[in-house]
Amino acid sequence: MADEKPSNGVLVHMVKLLIKTFLDGIFDDLMENNVLNTDEIHLIGKCLKFVVSNAENLVDDITETAQIAGKIFREHLWNSKKQLSSDISSDGEREANMPGLNIRNKEFNYLHNRNGSELDLLGMRDLLENLGYSVVIKENLTAQEMETALRQFAAHPEHQSSDSTFLVFMSHSILNGICGTKHWDQEPDVLHDDTIFEIFNNRNCQSLKDKPKVIIMQACRGNGAGIVWFTTDSGKASADTHGRLLQGNICNDAVTKAHVEKDFIAFKSSTPHNVSWRHETNGSVFISQIIYYFREYSWSHHLEEIFQKVQHSFETPNILTQLPTIERLSMTRYFYLFPGN
């Protein structure tokens with residue numbers, strides 16, 4: 001005979017008991033370690049009482065209610081941490097922020113200036129600072145100056161105590177590199193992608209070994225529109241004139257390089273050979289979508305999921321067509337940002 005299914009009343013009682021037991025343990029630890037005082041525990045408890053008293057909703061729709069409860073709990077712990085962060089450190093000083101780097105090239109000698117990119121710079125700086133990163137900003141650099149800035153940043157002693165870093169690039173670019181301020185067709189001024197990865201790999205930047213290294217690039221990668229037109233009768237597709245496929249570029253040395261280049265993820269604003277759009281007043285579409293989805297989901301989703309949500313927002317082509325791509329992914333674990341923790 002099959003086991004009898006518990007009634008809703010029994011399930012509700014079980015949920016309430018589990019919540020109470022779980023939270024009692026958390027609050028005891030917070031009090032014993034002087035992280036939260038009695039008033040702060042009481043304040044959090046008032047909000048969590050709502051969750052316990054509505055355990056029926058947990059049974060009926062556990063996913064939705066768990067998200068609400070998690071958001072309430074996270075916000076209170078985040079506010080408490082900001083208020084008490086100076087007391088948690090043993091020497092009375094605030095915790096050191098994790099270093100992040102943002103390189104923006106707006107003004108060029110031969111290429112057109114990237115008007116509107118200041119909004120991208122301010123938006124990303126605000127986002128990363130809210131995620132706990134101390135952002136170093138460098139502007140209007142040649143390729144050699146960008147490489148020097150990267151090597152100096154890789155040598156920061158703060159990386160020893162950090163758990164990750166962000167590298168954000170905003171510039172013109174070619175297929176596999178970021179353009180410096182002196183770039184033109186007759187005399188390229190390019191910081192190649194391989195150079196960036198080489199500077200921060202485990203051989204040359206051991207303080208970031210086994211730590212996520214997130215690279216975000218807002219830049220065109222060619223002149224193509226990145227679309228094909230399909231006819232409804234024959235189903236044949238015709239590509240734009242710049243849409244030539246890249247062939248023969250698959251390497252077979254991944255096993256050899258796996259322990260050298262590890263824990264990277266690069267998120268680029270468009271597919272190879274194609275453009276990336278930027279509004280002179282509102283900034284780039286790619287950066288604005290990153291900021292939106294990070295703010296919405298970084299507390300609950302891992303980094304790849306957030307990047308995929310950004311990609312999904314570009315899935316249907318419209319007037320301004322581009323598709324961000326995740327590249328050179330070598331992280332072996334999911335990376336959760338958990339702002340406030």
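Just so it is clear, glycine is given a Cβ too, placed from its N, Cα and C backbone atoms.
Note that the coordinates shown come from a computational prediction; the quantities given were computed from them, not determined experimentally.
Taken from Swiss-Prot, the feature domain 'CARD' covers 1-92. What Swiss-Prot lists as phosphoserine is S85, S90, and the listing cites similarity to another entry. As annotated by Swiss-Prot, active site applies to H172, C220, with the evidence given as sequence analysis.
Remark: H172 (active site) has N105, F108, L111, R114, I178, C179, H183, A219, C220 as non-local neighbours, by Cβ distance under 8 Å and separation of at least 6 in sequence.
Residue environment of C220 (active site) contains 21 other Cβ atoms, counted within 10 Å of its Cβ in all protein chains.
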